[in-house]
Amino acid sequence: MEEQQRRALRRGRARLVAALRVEPLWEPLEQRGLFTRPMLEELQSAGSRGEQARQLIIDLETRGKQAFPAFLSILRDTGQVDLAEMLIQECKSRPVLPQLPDLRPVELELREEKQRKKEVLIVACPWQVYEMKADPCGHCLILNNVNFSRDSGLSTREGSDIDCEKLERRFKALHFTVLTRRDLKAQEMVLELQKLSRQDHSALDCCIVVILSHGCQTSHIQFPGGVYGTDGKPIPIEKIVNYFNGSNCPSLRGKPKLFFIQACGGEQRDQGFVVDCDSPEDEAPGSSLESDATPFRVPSGNVDEPDAIACLPTPSDILVSYSTFPGFVSWREKSSGSWYVEMLDSVLEQYAHSEDLLDMLLRVARAVSAKGRYKQIPGCFNFLRKKFFFTCD
């Protein structure tokens, strides 16, 4: 789908949500190959007519080059010509350029580091640092899938409960209200995510989602990869993130939304390459070492693959931290949990009082990449507009 067509759908979303009659659209959407029957059933389960319309417009952007003209044709065929004409006009209009912030001199303040009793210099311009004054700071949802159905062909994720307990303790200590859900099917995961995104976050400053599960590669536009429910059905990371964007979760607009994904991005095993090393090698993976890898499943239906690598405008105030580089496995120890969560928890404990999140994620990547015979490197997709500091006691 072309950029001006995506922009037209976003500009016209409010009117479409208010006026679109979705019921007559389902059959022609399936007949023209824009959506499969399971996709439509999921859209129909989104809630009210307006919520179904909102999710349909969001998902339509991912359905390839022919999705926009086909949707216009379906609108005309179902007697919704005014909405079709509105989208055509929006498609012709020019984009509104964002205004740059008024740059002012940098103000500095000294923050006392309580644990080590020394002063740390931190840049504190209001437009450079996210405000984190609420207590609690926000909600943290942890979805921990350990046991999978026999039909799924996915193994039990031993050691994941250790990861879950570590992150529960850590984010509670960082002043988040933590809710944990264990062993959910894909649709149950979606319902928990939607429930959180529909809450009123107006009095809060942040929102965190943690997913511990098996993972896979998926076709995507913004955020790669997917995670599995216990029934073996995948959920794209992109879909999870979009539940919390500015359009779907207005009370989190302008506030940081953080996603931590412990799952494989694929099934390649990285043996690395030789470099000078300043740390001793860990033991080679043995019987207690597992990965969260599952094969890449080619999506069914008429999907326009070349269009799947096109870029959307940057989603603001979102950071997605992945345990591994897309396409590679993510290692997990039965006795101590995953490498990624182990290092993330350790780094947060040591540095959350003095360093911003991106600096800490660099520390996590360095620590994880130094482990084991098979290699792993975490990474992130960062669309934060400011520095993010956790609130520490």
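Every residue gets a Cβ built from N, Cα and C, even glycine.
Straight from TrEMBL, the features:
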DOMAIN    1-90  domain 'CARD'
DOMAIN    136-268  domain 'Caspase family p20'
ACT_SITE  His214  active site
ACT_SITE  Cys264  active site
DOMAIN    308-392  domain 'Caspase family p10'
When DSSP states are grouped into helix, strand and coil, how many residues of the domain 'CARD' (1-90) land in each?
66 helix, 0 strand, 24 coil
CB neighbours of His214 (active site) within 10 A?
26
